[in-house]
Amino acid sequence: MPEGNAGQAWEEVPGPRFAPGTEVAGFTLEGTIASGSFGTVYRARRSGRPYAIKLVLINPRGDREAAALRLMRHPNVVSFHGYGLWPEEEPRFLVLALELVEGLTLDAWAARENPSALELVMRVLLPFALTLADVHASGVVHRDIKEANIVMREADGQPVLVDFGAAGLKEGALRLTLRLPPGTAEYRSPDALRFARQWEGEPYPFSPGDDLWALGVVLYVLLTRTLPFGDRSNPGLNRAILEETPPAPHELNPRVPLALSDLCMGMLEKELEDRYPDAKALAEDLVEQCTQADASWRVPLFPGTKQDKSPASTPALPGRRLPGWWAAGLALGAVLLLCVPWGTPRTASSPSPATPPGTSGREVVAPATTVEGASGAALPPAPVAAATNSEEPSMKKSKTIRTLVAAGCVASSGCVSGPSPRPPPPPAQCPPGADATHSRFGLPSWDAHGVSLIPVHERPRVVPVRDGQAVRGEILGAWQKLPDGTSFDGHLYLGDERVYGRFTAAHLPSGETVPVCLEVMTIGQTARGRPVEPGTTSTQALIVSSLSVQAVQRFK
């Protein structure tokens, strides 16, 4: 069976190439970010704002990519601002307007950072698994998961899924390939290859399992710096994927904890039913493994690092049951970040694996820059030529995981001194009717959720607050029966290197206002309030704009 996209429905031709300064659909091109047979991505500017503009020749694949992007409203997924046809007369290209961000592809990030197993799980695997769960829940399968399509955003260190050029839609979409789906040969699942061997003319019924298999390949590469089944230069690549079991990661790299090695091999089981049923199940297992992590999880995965090797105790985590996906991802990330020193520079002694030859035939994002999902700023009013359904979707926050800057002492140099000691606010009763509201909307005391002190479409950032300041927080996605779009009124109080918060009223999208009793908590812990950030003074505290709140029966 030949490698590649057997049975493809149209000819792949190189994307357009334009010189810097070219005006395309109201955007001024500044340079090429990436190029491949499915399109070219440019750095561009419009009305003073930077964008990433993807130009693809008009064909069904471009329409599919736009359709997939319109379904993705998630901070860890490339953000989509709109699309149009260009030129106005006799259009030949589909223009996709995306947001530009600085960041490293995952393999380049891993080579630079040389993370420990614990860092890799908490900074990459867990948030990315939760992101995939949301992507799949929306009816989209990415179909080209690989290191080059996962970008570690420089602004907040979060993994961002980019490049939906190969994406498949589960409902109501015409199949555009026949025997094999688009994607990268080294990351194809045995399910797809088995189908191709037995092909009888029907398109491959792709599934989220294809993405999870590919993520298993990515994890194997990160743990071993080796592709598990070789690359496409090996004529036996497909047979290896179908029939061979690669050496376990810990056999190739003794620094890999056995539990993480076993988890990786579980993702690469040959039969679909023997692998994780979905991304949520993978995330649950990652959480389980982290609750049992020992000192071996805190050793850099490869030699040659300058990372601080001072021991850290295993963090106390919530119970094994995840109290809501957003809270779980946020909580675990912040708790474990407190236990890992991030601030010391790192170097890696050996290079990361080279991108497989010819990687997908589409654009491979350059290590320094890529397209990403960011603030959701409105697309400037200048028209996209011959625009069709051009849109700027409001950034709806995920129910699973939010971008968050780590709270507390995350630098190896220790905590920066905060305000002079002052007691937390005194105990207080909840407002009358709060219990009834909690019951009405199903807000249990064990469940935590995210609240943003800035507009929810903006990225979390450090903000200044003062003692007794009245604030309004916007809910980050629906919480139990509380709908998305709800906001809370409350006050913040400065304490000893902490900021405390109490919210007492909720404003529903319907216009109704109801009493609540919500306390700001340290993510993943039982401690009230949240730690301050460096730069805090005795009169003004700096905190990250995303807070975690819990329903309580009394302010303690």
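Just so you know, glycine gets a Cβ as well, placed from its N, Cα and C.
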Range among 415-439, 515-539 that TrEMBL annotates as region 'Disordered': 415-439
Annotated region 'Disordered' segment (source TrEMBL; candidates 22-48, 373-399, 454-480, 481-507): 373-399
The compositional bias 'Pro residues' (420-430) - residue tally per DSSP class, helix then strand then coil: 0 helix, 2 strand, 9 coil
